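What TrEMBL says about this one:
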ACT_SITE  K177  active site, schiff-base intermediate with substrate
ACT_SITE  K230  active site, schiff-base intermediate with substrate
BINDING   C93, C95, C103  Zn(2+) binding site
BINDING   R187, R199  5-aminolevulinate 1 binding site
BINDING   S256, Y287  5-aminolevulinate 2 binding site
Amino acid sequence: MSQFILPYFVVQGNGQKQPIASMPGIYRFSIDKLLEDIDPVVAQGLDKILLFGLPREKDELGTEAFADDGIVQQAVKVIKDHFPQLIVMTDVCLCAYTTQGHCGVMTNDKCQMSNDGVTIDSEATLEALARIAVSHARAGAAYVAPSAMMRGQVRAIRKALDDNSYQQVKIMAYSAKFASSFYGPFREAMNCSPAFGDRRGYQLDPRDSQAALERIRIEIDEGADMVMVKPALAYLDIVFQAKQLFNKPVAAYNVSGEYVLLHGQPTLIKEAIIAIQRAGADYIITYHAKEFI
Ligand code: PBG
């Protein structure tokens, strides 16, 4: 079993392998091209991928995120047909699917700016996240990975999965997800920058390690099978503490901005990955994964 998890960006269409300007060496693939790319890495021993989908169209409620023929749902089905052993993990969020580019739903009367960001309708968002998770499970995902930082997201998803007889589907919770500038290149890749405001209203304050550890504890209580710290390199103290304090596998997400900093410098990449391992991460989500399997 590999410690590495490779993220993939998947788009609609055929024959697409679109270079991402902000992330050299990384592409958005249509499903057919994605299969071609996965084939050799699976042969080398990669056993886990994390899928992000770019919808054909965005709308206010992010409906393509939970459509059974949505891009991620289609991709999971085809990937599982071709690589039945591969553990497919799916990002569960709304920001790539909503026109406002936030990780949650805003109803008109609640769509107000607050000082530190925006106000999100948490009830509608939890309902949407649960629907997304169930649709991914139906397609064949082994893990769903809620990344919206909505309070109660793990509980809502666990309940929806259980109610729909997906008890075996696990949750990798983005529990300690900081409001980070290291996500910049990813937002260009996914076309998911907020149309207004920022994500500080729901992502964690980089100065507040206690809040991060508390959120991890809460999401484990709610039913997370694996917890994540994100970004990785700038937050190794949190990875270390999460590993010491809790009895759950910890994943560290070596994010897009960290990828770009080290891209093309194999010795630096190796040393950085060793640092993440030394901090205690059980799993490492990284765009460099192909270099380590
Ligand atoms: C969506 C999401 C983001 C990332 C993963 N899921 C962006 C964000 O929260 O703004 C970032 C990943 C990366 O930078 O590699 N909620």
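Here the Cβ of each residue, glycine as well, is placed from N, Cα and C on the backbone.
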DSSP three-state call for K230 (active site, schiff-base intermediate with substrate): helix, strand or coil?
strand
Under a threshold of 6 Å between Cβ and any atom of ligand 1, which of the recorded positions C93, C95, C103, K230, S256, Y287 are retained?
C93, C95, C103, S256
What does the structure give for the C-alpha distance between K230 (active site, schiff-base intermediate with substrate) and C95 (Zn(2+) binding site)? Integer Å is fine.
17
Beyond the site residues C93, C95, C103: chain residues whose C-beta lies within 8 Å of the centroid, for Zn(2+):
L94, A96, T98, H102, G104, S147, A148, C192
Which ones are near S256 (5-aminolevulinate 2 binding site): of the recorded positions C103, K177, R187, which have a Cα within 10 Å?
R187
Taking DSSP three-state, what's S256 (5-aminolevulinate 2 binding site) in: helix, strand or coil?
helix
Using Cα positions only, nearest of the recorded positions to C103 (Zn(2+) binding site) (K177, R187, R199, Y287):
R199
What is the separation, in Å, between the Cα atoms of K177 (active site, schiff-base intermediate with substrate) and R199 (5-aminolevulinate 1 binding site)?
11
In sequence order, what residues of the same chain, 6+ apart, have a Cβ less than 8 Å from the Cβ of R187 (5-aminolevulinate 1 binding site)?
S193
Between the Cα atoms of C93 (Zn(2+) binding site) and Y287 (5-aminolevulinate 2 binding site), find the distance and write it as a whole number of Å.
19
In whole Å, how far does the CA atom of Y287 (5-aminolevulinate 2 binding site) lie from that of R199 (5-aminolevulinate 1 binding site)?
23
